[in-house]
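**Q** Sending over a structure as structure tokens; questions will come in a sec.
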Amino acid sequence: TGTWPKDVGILALEVYFPAQYVDQEELEQFDGVEAGKYTRGLGQKQMGFCAAHEDINSLCLTVVQRLVERGHLSWDAIGRLEVGTETVIDKSKAVKTVLMQLFHDSGNTDVEGIDTTNACYGGTASLFNAAAWVESSAWDGRYAVVVCGDIAVYATGNARPTGGAGAVAMLVGPNAPLVLERGLRGTHMEHAYDFYKPDLASEYPVVDGQLSIQCYLRALDRCYAVYRRKAESQWQQDGIQRPFTLDDFKYMIFHTPFCKL
């Protein structure tokens with residue numbers, strides 16, 4: 001028809017966290033640090049962790065199955081599935097391929113998408129990719145599912161209390177209650193060694209905490225500046241002549257490496 005699908009965004013969302021957790025006050029005592037270092041200093045209360053029978057595959061399997069079953073969806077109604085994760089347990093086989101077991105009985109193997117990996121940004125990129133697919137000439141009218149999941153484990157030290165585990169599955173399509181505004185997206189990308197995993201035999205990252213905070217805040221500032229410029233440009237086209245400010249946001253959602261940030 002030559003028209004955009006209307007109101008592309010998130011139609012439904014499912015979250016899964018492991019049932020086990022470590023109380024951060026008890027972790028302070030175990031680590032022999034000053035009381036309040038993790039709870040008041042970082043704003044952390046509990047840290048979830050996986051049971052022995054859980055891994056990134058099982059977390060993602062659980063959250064996708066719940067999304068589909070609780071939403072009363074058919075597996076053949078999904079045409080794209082993408083996973084954003086940095087929890088790599090195989091250097092070739094994607095988590096997405098493991099999730100295809102859920103589609104077996106439906107016979108649906110025509111499902112685009114694959115894993116996207118770049119620290120904590122993989123899930124965001126996967127969401128953008130799903131929306132772009134729905135708005136593209138490749139879209140066949142079916143839903144996209146985006147999965148964001150990770151198991152964050154750190155070596156003994158200052159970063160350990162910022163770990164955790166969980167997964168989110170999102171159903172993406174048109175006529176959504178949570179709409180991704182077309183053309184309003186601010187991106188900042190740069191090269192930095194603040195957080196990386198060069199040892200493929202280890203699940204522990206190499207972290208420069210202070211540099212990572214600087215990178216986070218710089219990226220936030222620049223993303224907002226780009227978003228603000230694009231928003232004001234759209235407003236001008238609509239005859240609105242005023243600056244965009246933080247008061248124009250109803251709500252703000254942030255990725256938080258730790259709660260106090």
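A Cβ is built for glycine as well, from the same backbone N, Cα and C atoms used for every other residue.
According to TrEMBL:
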DOMAIN    4-177  domain 'Hydroxymethylglutaryl-coenzyme A synthase N-terminal'
ACT_SITE  E86  active site, proton donor/acceptor
ACT_SITE  C120  active site, acyl-thioester intermediate
BINDING   N158, S212, K260  CoA binding site
DOMAIN    178-261  domain 'Hydroxymethylglutaryl-coenzyme A synthase C-terminal'
ACT_SITE  H255  active site, proton donor/acceptor
**Q** For the binding-site residues N158, S212, which one has the sparsest Cβ surroundings, going by other Cβ atoms within 10 Å?
**A** N158
**Q** If you skip the near sequence neighbours and keep only those at least six away, which residues in the chain come within under 8 angstroms of K260 (CoA binding site), Cβ to Cβ?
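**A** Non-local contacts for K260 (CoA binding site): G41, L42, G43, Q44.
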**Q** In Å, how long is the longest CA to CA span across N158, S212, K260, which the record gives as the CoA binders?
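**A** Answer in Å: the longest Cα-Cα distance is 14.
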**Q** Would you list, in sequence order, the recorded positions among E86, N158, S212, H255 whose CA lies within 10 Å of the CA of C120 (active site, acyl-thioester intermediate)?
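**A** Within 10 Å of C120 (active site, acyl-thioester intermediate): E86, H255.
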**Q** Within 10 Å of each Cβ, count the other Cβ atoms, then let me know which of the active-site residues E86, H255 comes out lowest.
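**A** Counting other Cβ atoms within 10 Å of each of the active-site residues E86, H255, the minimum falls on H255.
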**Q** Could you count the residues of the domain 'Hydroxymethylglutaryl-coenzyme A synthase C-terminal' (178-261) that DSSP puts in helix, in strand and in coil?
**A** 32 helix, 6 strand, 46 coil
**Q** If you run the three-state DSSP split on C120 (active site, acyl-thioester intermediate), which class comes out?
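**A** Note: C120 (active site, acyl-thioester intermediate) is in a strand by DSSP.
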**Q** Given the CoA site residues N158, S212, K260, which other residues of that chain have a Cβ within 8 Å of the mean position of their Cβ atoms, reported in sequence order?
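**A** Apart from N158, S212, K260, the close residues are L42, A159, T162, G209, I213, P257, F258, L261.
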**Q** Indicate whether E86 (active site, proton donor/acceptor) is helix, strand or coil by DSSP.
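**A** E86 (active site, proton donor/acceptor) sits in coil per DSSP, no helix or strand.
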